[in-house]
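Peer 1: Positions annotated as Mg(2+) 1 binding site by Swiss-Prot, on the basis of similarity to another entry: Glu130, His270, Glu358. Positions annotated as Mg(2+) 2 binding site by Swiss-Prot: Glu132, Glu213, Glu221. Per Swiss-Prot, the feature ATP binding site maps to Glu208, His272, Gln273, Ser274, Arg340, Arg345, Lys353. Summarising the annotation, Swiss-Prot assigns L-glutamate binding site to Asn265, Gly266, Arg322, Glu328, Arg340, Arg360. Residues or ranges marked as domain 'GS beta-grasp' by Swiss-Prot: 13-97. Among the features that Swiss-Prot reports, domain 'GS catalytic' is placed at 105-469, with the record citing sequence analysis. What Swiss-Prot lists as O-AMP-tyrosine is Tyr398, and the listing cites similarity to another entry.
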Amino acid sequence: MSVENVLSLIQENEVKFVDLRFTDTKGKEQHISIPAHQIDADFFEDGKMFDGSSVAGWKGINESDMVMMPDPSSAVLDPFTEDATLNIRCDILEPATMQGYDRDPRSIAKRAEEYMRSTGIADTVLVGPEPEFFLFDDVKFATNMSGSFFKIDDVEAAWNTGTEYEDGNKGHRPGVKGGYFPVAPVDSSQDIRSAMCLIMEEMGLVVEAHHHEVATAGQNEIATRFNTLTTKADEIQIYKYVVHNVAHAFGKTATFMPKPLVGDNGSGMHVHQSLAKDGVNLFAGDKYGGLSETALYYIGGIIKHARALNAITNPSTNSYKRLVPHYEAPVMLAYSARNRSASIRIPVVPSPKARRIEVRFPDPAANPYLAFAAMLMAGLDGIKNKIHPGEAMDKDLYDLPAEEAAEIPKVAESLQQALQYLDADREFLTAGGVFSDDFIDSYIALKTKDVERVNVAVHPLEFELYYSV
């Protein structure tokens, strides 16, 4: 969409506000709303100044001025606001140079795509993430000196089979690990997901399917069509915005937290990816699983750098409560055709044009711009250095003998460990100036604060284990 198209859209839809949006390091959308009558063609040249020191992990107060530069191609009407509002995504620029800020996730994603093209390896990267989420009726939590707790409830939860309700307990609900594909009334989220899908399509996403996921208490997934890297990251931010707001409208609360429930599956964000050049899928070939040698090298790069990637693709302390065996979480750094216990799967596809890999360890807490860019950089490093991933593992990796399992590398065991790997293994990210050392240092510092806060927190389970010693 051009600037002229945006200005026409504002006029034709009697738009009252333009909502400028950007994504911070943690992956959360931020915004500022401007009366639409202030928007003209010059606005798309000059941008909007703002205080970058107020964004966690960004600039200090002594150099806080930054520019939000609206991208007219991202303009979309907001279906949730009372007054007609047009959302426009922004890149964050340095005012002195008007170049992308090195800590701006969207600018990093764009640089990753530019770097890929500069290598001559490929001109297009296609990304197809599958974020899962939970819908709850009620969530309470508190952390202070007097105590800590969280309490989740949902009418669909397996623990509510004996709960008394005013209009009676209807009994239909998925059990633990029993939520995959049952029809209503066991699946109580059908209409909510349908409403989400309709709004996602209204906002430009292509929805392929929606369904209940494995876990009890309202785990769900909506599958959307793949897209190029930065555009798909934009779409994931729209996806999350829609899920949160439709859930709210239905009297529910949505979370993309990787592991809100103990004892059932967590939420992942498997990421399908492939490279193309001149319209030809570079991952299709005659090697294992119908892959090309290029695809195998790409896998090799992902596996080699996986533990550093974990700091970005699994960026919360909670992420590592999901990455444990037997909850469909891929902890083994291996690849396989169809085998879902491997961290990288080669899906069955109807034609070579659709050949791709699926990286299964990421989760939806990840900043999509950073996660997709980091995986691309790891894959490109594998191709450039011809890193072969070794033999495929066509067996259930969860049931291997201990000696055999010990020989297979695994994902990082904690966020703290992943950050250490990122600190030591960063050159693949800084190639071509895509990620800067300054960004990586600031990212590690920001996430280390989370680790330190969790490490010193007194956990309720510690009272169960140790109160009576």
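Each residue, glycine too, has its Cβ placed from N, Cα and C.
Small disclaimer: the values here were computed from a predicted structure and weren't measured.
Explain the structural surroundings of these features, please.
Peer 2: Around the Cβ of Glu130 (Mg(2+) 1 binding site), the same chain contributes Glu221, Ala223, Gly268, Met269, His270, Val271, His272, each under 8 angstroms and 6 or more positions distant in sequence. For the recorded site, Glu130 (Mg(2+) 1 binding site), the DSSP three-state label reads strand.
The Cβ of Glu213 (Mg(2+) 2 binding site) lies under 8 Å from the Cβ of Glu132, Gly179, Tyr180, Gln219, Asn220, Glu221, Asn265, Ser267, each of these being in the same chain and 6 or more residues away along the sequence. Mapped onto three states, the DSSP output places Glu213 (Mg(2+) 2 binding site) in coil.
According to DSSP, Arg345 (ATP binding site) sits within a strand segment. Cβ environment of Arg345 (ATP binding site): Tyr335, Ser336, Ala337, Arg338, Asn339, Ile357, Glu358, Arg360 lie under 8 Å away, each six or more residues apart in the same chain.
In the three-state DSSP assignment, the secondary structure recorded for Arg360 (L-glutamate binding site) is coil.
In the three-state DSSP assignment, the secondary structure recorded for Tyr398 (O-AMP-tyrosine) is helix. In the shown protein chains, 15 other C-beta atoms lie within 10 A of the C-beta of Tyr398 (O-AMP-tyrosine).
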Peer 1: Restricting to the chain of Arg322 (L-glutamate binding site) and a gap of 6 or more, list residues whose Cβ falls under 8 Å of its Cβ, or answer none.
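Peer 2: The answer is Pro258, Lys259, Gly266, Ser267, Gly268, Asn314, Ala329, Asp363.
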Peer 1: Fewest neighbouring Cβ atoms within 10 Å: which of the binding-site residues Glu132, Glu208, Glu221, Glu358?
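Peer 2: Counting other Cβ atoms within 10 Å of each of the binding-site residues Glu132, Glu208, Glu221, Glu358, the minimum falls on Glu208.
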Peer 1: Can you give the mean pLDDT for the domain 'GS catalytic' (105-469), rounded to a whole number?
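Peer 2: Over the domain 'GS catalytic' (105-469), the predicted model scores a mean pLDDT of 95.
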Peer 1: Using the Cβ centroid of Glu130, His270, Glu358 as the reference point for the Mg(2+) 1 site, which residues of the same chain not in that list have Cβ within 8 Å?
Peer 2: Gly128, Pro129, Gly268, Met269, Val271, His272, Arg345, Val359, Arg360
Peer 1: Using all protein chains in view, find how many other C-beta atoms are within 10 Å of the C-beta of Arg340 (ATP binding site).
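Peer 2: Here the count is 14.
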Peer 1: Excluding Glu132, Glu213, Glu221 themselves, which residues in that chain have a Cβ inside 8 Å of the centre of the Cβ atoms defining the Mg(2+) 2 site?
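Peer 2: Surrounding the site, in chain order, are Glu130, Pro131, Phe133, His211, His212, Val214, Gln219, Asn220, Ser267, Gly268.
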Peer 1: Can you check what DSSP calls Lys353 (ATP binding site), collapsed to helix, strand or coil?
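Peer 2: Where Lys353 (ATP binding site) sits, the three-state DSSP reduction gives helix.
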